[in-house]
Structures are given as C-alpha cells and as structure tokens.
Amino acid sequence: MVEDGGEEEAEGESGEVPAAPQQQQQRCNGFLPGKEAAGGGQRAAPAAPEAEEMLAAGGERREARLETRLSRRRLAVLAVFSCYSLVNAFQWIQYSILSNVFAGFYGVSFTQIDWLSMVYMVAYVPLILPATWLLDARGLRLTALLGAGLNALGAWLKCGSLAPQRYPLTLAAQAVCAVAQVFILGLPSRIASVWFGPTEVSTACAVAVLGNQLGTAIGFLLPPVLVPNTPNDIDLMAHNISIMFYGTAIVSTLLFFLAGVVFEEKPKYPPSHSQAVLQTKPPEDYSYKQSIINLFRNIPFILLLISYGIMTGAFYSVSTLLNQMIVTHYEGEEVNAGRIGLTLVVAGMVGSIICGLWLDYTKTYKQTTLIVYILSFIGLLVFTFTLDLGYLIVVFVTGGVLGFFMTGYLPLGFEFAVEITYPESEGTSSGLLNASAQIFGIIFTLVQGKLTTDYSPRAGNIFLCAWIFVGIILTALIKSDLRRHNVNSGIMNLDVKAVPVDSPVEPESTTLKIQSAL
C-alpha cells in the first residue's frame with residue numbers, strides 16, 4: 001500500500017465506508033439547502049438495494065466506496081505543528097514572566113508590559129472569523145504556512161527592538177506573532193480529525209495542544225535564566241535579551257521551512273469513516289455563513305463556548321500575572337516564579353495527555369470535562385489561600401495541581417466541541433472557542449491585574465474562582481450528543497444530516513443522518 005508521493009500507509013486501521021451520492025447534496029452543516037421531497041417531507045436516502053432499483057429505472061444515483069487508512073506522514077505533520085506552536089506560545093509569555101525586567105529596560109509601566117501578552121488576545125477576536133474562513137476555503141496547508149511564516153517574521157522584528165526607546169517596535173513585533181497565533185490555535189482539532197483515526201483522534205488533539213503548552217512552559221523557564229535582572233547594566237541586559245530574540249528567530253525560521261516540506265492538505269485516504277463521509281460532499285455547496293449560523297443555533301455548543309472561555313481565559317490571566325503574584329509575596333524570586341510557571345504548565349501537559357488517552361478509551365466527554373472543571377476550581381481555591389504562607393515549596397505543589405487540571409482541560413474542550421457539532425468544520429468550532437477564551441482572557445487579565453495591584457493577589461484569584469464556579473454550572477447543563485463518535489461507530493444511515501440540537505425533528509433518535517437530494 002503506497003500513499004501519493006511514494007509514502008507507505010501505516011497498517012492497522014483500514015476499512016471501507018459507503019460514500020454519499022455524487023449529486024447535489026443538501027446538508028445543514030454549512031452546505032446549502034436542497035429541495036423538499038414530494039409530499040412536503042424530506043426524503044431519506046434509500047438503502048443500497050433500493051438505489052440499484054432506481055438505477056435500473058433510469059435514476060442517476062450511484063454508490064461509491066472509500067477506503068480508510070492511516071498515513072505515516074500524520075506523525076510528521078503533528079510534530080512540526082506542535083513545534084512551531086511551541087515557539088509561538090514561548091513568544092507570548094516571554095515578556096510577562098520578566099515583567100519587572102522589561103519594564104525597567106523599556107522604561108514603561110507594568111500595564112504596558114501586560115499588553116505585550118494581551119495583544120495576543122486582542123488580535124485573535126477580530127481575526128478569527130477570517131482565519132477560519134481561510135481554513136475552510138483555502139485549506140490546511142496554506143493556513144499552517146501562514147501561522148509558521150508570521151511567527152518567524154514577528155521573531156525577526158523583535159531583534160530590531162533591542163534598545164530602551166524601542167517599546168513600540170517590540171509591541172508591533174508581538175502583534176505580528178499574535179496574528180500568527182490566529183492561524184495556529186484553531187488547527188489541533190482539524191489536524192487530528194483530518195489525519196488521525198477514531199481511536200487516536202483525541203490523543204492527537206491533546207498532543208497538538210501540548211505543543212502550545214510546552215512553549216508556555218519553556219517561556220516560564222528559559223527567559224529568567226537567559227535574561228537575569230541587571231538594572232545597573234542596561235547594555236548587559238540588552239545583550240542577554242538579544243540572545244533570546246535571535247535564538248527564537250532562527251528556530252522559528254527553520255520550522256517555517258519544515259512546515260513547507262511536511263504539510264499536505266490531507267492524506268490520500270481518509271483516516272476514519274466520519275472523514276470519509278465529509279470528503280464526499282461537493283465543496284461548491286459549502287456555505288461558511290450557514291455553518292456559523294448552525295453553530296450559534298446549537299445550544300450545547302453555546303454553553304461550551306462560554307464555559308471554555310471562562311476556564312481558558314482564567315488560565316491566560318493566571319499565566320500573565322503569575323510573576324506579579326509571586327514577587328508580591330516572595331520578593332526577588334523571579335527565577336522561582338518562572339519555575340512555578342513551568343511546573344504549572346508541565347503538570348498541565350501531563351493532564352492533557354492523560355485526558356486525551358482517557359477520551360479515546362471511554363468517549364465520556366461530558367463527564368470528564370465536568371470533573372476536570374470541578375477539580376480546577378478546587379485547585380485554584382487551594383492555590384489562592386496558600387500563596388501567602390511564605391513557603392515556596394507549597395506554591396510549587398499547589399501550582400502543579402492547578403496546572404494539571406486547568407491546562408489539561410484545553411484539549412477536552414476542543415474535542416467535546418467537535419463531537420457535539422459534527423459535521424461542522426473543526427476549525428470553525430475551535431476558532432470560536434479560542435475567540436471566547438481570548439475575550440474572557442482580556443477581561444480577566446485587566447480585572448485581576450487591577451485587583452492584584454490595588455488590593456492583593458488573593459482578591460484577584462477569588463474573582464477568578466467565582467467565574468469558574470459559573471463555568472461548572474454551565475458545563476453541567478451541556479447535553480452530550482456524540483455525533484462524530486456515532487458515525488465512526490456505524491450508528492448512522494447511508495447519508496446524514498446535521499440538525500440543530502434543539503430541533504424538534506426526531507428527538508428520540510441519536511442517529512446522525514446525511515440527507516441528499518435525488
């Protein structure tokens with residue numbers, strides 16, 4: 001078995017799935033509506049024997065069968081994506097973890113340094129819809145190259161900001177990296193769905209998200225080591241910053257070229273039945289606007305959209321303000337603040353992988369998401385009330401527990417969204433989740449930062465606890481309708497239609513149907 005380009009296909013997962021008829025399709029998942037069947041109702045797709053009878057009678061309907069196989073290239077695609085996502089996350093946090101150093105170097109306030117982190121959130125919100133449209137209209141390869149290329153461009157622009165009076169240039173460079181992020185954060189679930197089989201899709205998504213988390217972890221660890229606080233020697237500080245900036249630029253450029261070599265639009269054969277079904281749909285019938293409308297009519301998705309935004313926004317806020325929280329109670333401990341951040345994220349990486357493996361094994365999306373949400377709430381409470389005890393080892397432990405659950409939640413939200421919105425585009429649902437996270441992240445960072453500065457870190461953290469409790473309630477209200485899992489399990493008719501979750505049509509059926517006009 002050979003893939004296009006001479007690559008061998010991985011053995012193991014292989015099968016066939018009936019494809020939808022090769023005619024004008026009518027779908028509710030972003031595809032333009034078709035015709036009503038005679039008699040006022042919508043006509044369901046006939047079974048294969050009936051289709052043969054229709055062909056004998058002069059009908060045009062035909063059957064096709066598609067193989068499903070796993071491509072070995074999928075591992076290279078996942079690795080390269082994870083690496084350049086890592087570099088992008090590193091560039092996000094590298095200023096915040098050294099907020100006192102960069103405030104002194106550029107001669108600006110802490111709030112202006114916080115904006116070097118928040119620009120990632122601000123840029124994401126207005127650009128996410130164009131970015132997800134580009135992903136759906138122009139495909140995975142172009143979107144991946146834009147993310148990797150802009151990431152490298154922003155890194156090189158930072159190399160020109162190595163002087164105290166050049167804060168505007170470093171802000172502009174960070175804004176370019178923020179735009180790159182728009183083309184990165186929505187890809188994990190798309191890469192997992194397009195390239196990986198049903199028994200590994202959640203794990204693949206977790207690994208893709210893990211790359212971003214690892215970048216945050218390295219961003220907590222390396223900058224305090226590379227750029228120690230030397231307020232009496234600005235030239236030495238500039239030299240140390242240059243090492244960090246130039247190293248990042250070189251690595252991100254290499255990854256851009258690797259992305260150009262490795263990324264393809266999709267494998268030769270679909271990796272799962274759900275992907276095989278989607279690939280039979282004619283692209284000219286796709287309506288991005290209709291897809292967005294359907295997502296906002298999906299009540300469980302709206303509840304997940306808000307709850308995911310609360311949890312991830314809280315994580316962004318804690319990450320941005322961690323340095324300030326630590327040095328408030330432990331003066332001069334910038335390096336340990338970075339190490340605590342590292343502990344938080346590395347523990348979250350472990351949580352992400354465990355959660356991904358657990359989902360692939362059990363498919364208990366709602367239960368797992370709710371439990372992790374509750375444990376994140378408990379973890380933040382413990383972190384809040386032990387932060388000022390005067391023992392850094394306690395902060396390391398509580399930070400690790402908090403990170404395990406809070407960061408481990410991120411891939412859960414992506415995969416749960418794909419399940420309850422299938423067959424909508426994974427990039428669109430993930431993009432909207434990330435947009436919600438950025439909005440909540442901006443609000444939480446500004447409010448928590450103000451509370452931390454004017455009162456104490458405890459006041460800011462209690463503010464976050466209150467919101468996470470709201471998120472628990474919203475998560476408990478989500479109806480678990482595992483549409484993609486049903487398709488991969490064979491719980492489907494020959495053709496399938498995605499209807500709004502709150503639609504009164506066939507409420508007793510959990511079967512997904514794809515409807516086509518004859």
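Placement of Cβ uses the backbone N, Cα and C atoms for every residue, glycine included.
TrEMBL entries are annotated by machine, without manual review.
For reference, TrEMBL has these:
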COMPBIAS  1-14  compositional bias 'Acidic residues'
COMPBIAS  43-52  compositional bias 'Low complexity'
DOMAIN    77-483  domain 'Major facilitator superfamily (MFS) profile'
REGION    1-52  region 'Disordered'
TRANSMEM  75-95  transmembrane segment
TRANSMEM  115-135  transmembrane segment
TRANSMEM  142-163  transmembrane segment
TRANSMEM  169-189  transmembrane segment
TRANSMEM  201-223  transmembrane segment
TRANSMEM  243-263  transmembrane segment
TRANSMEM  299-318  transmembrane segment
TRANSMEM  338-358  transmembrane segment
TRANSMEM  370-387  transmembrane segment
TRANSMEM  393-418  transmembrane segment
TRANSMEM  430-447  transmembrane segment
TRANSMEM  459-478  transmembrane segment
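Mean per-residue pLDDT, taken over the domain 'Major facilitator superfamily (MFS) profile' (77-483), amounts to 86. Sequence-remote contacts of a segment are chain residues at least 6 beyond its ends whose Cβ falls under 8 Å from one of its Cβ atoms, and for the transmembrane segment (370-387) they are 307, 311, 314, 318, 325, 329, 351, 355, 394-395, 398-399, 401-402, 404-406, 408-409, 412, 457-458, 461-462, 464-465, 468-469, 471-472, 475-476.
For the transmembrane segment (142-163), the residues of the chain that approach it from at least six positions outside its boundaries are 81, 84-85, 87-88, 91, 131, 134-135, 169-170, 172-184, 187, 238, 241-242, 245-246, 248-249, 252-253, 255-256, 259-260, 263, 427, judged by C-beta separation under 8 angstroms. The transmembrane segment (338-358) shares the most Cβ pairs under 8 Å with 393-418, out of the stretches 169-189, 299-318, 393-418.
Contact count against the transmembrane segment (75-95) (Cβ pairs under 8 Å) is highest for 201-223, out of 115-135, 169-189, 201-223, 459-478.
For the transmembrane segment (201-223), same-chain residues at least 6 beyond its ends with a Cβ under 8 Å from one of its own Cβ atoms are 74, 78, 81-83, 85-94, 97-98, 184-185, 187-189, 191-193, 195, 244, 272, 319, 322, 338-342, 344-346, 348-349, 352-353, 355-357, 359-360, 407, 410-411, 414-415. Most Cβ pairs under 8 A with the transmembrane segment (169-189) among the ranges 299-318, 393-418, 459-478 are made by 393-418. Away from its own ends, the transmembrane segment (459-478) comes close to residues 300, 303-304, 306-307, 310-311, 314, 317-318, 321, 325, 366, 369-370, 373-374, 376-377, 380-381, 383-384, 387, 416, 420, 440, 444, 447-449, 451-452 of its chain (Cβ-Cβ under 8 Å, at least six residues beyond either end). Outside the transmembrane segment (393-418), and at least 6 residues removed from its termini, the chain residues within Cβ reach (under 8 Å) are 188-189, 192-193, 201-202, 205-206, 208-210, 213, 301, 304, 307-308, 311-312, 314-315, 318, 326, 330, 339-341, 343-352, 354-356, 359, 365-366, 368-369, 372-373, 375-376, 379-380, 382-383, 386-387, 426, 429-430, 433, 478, 484.
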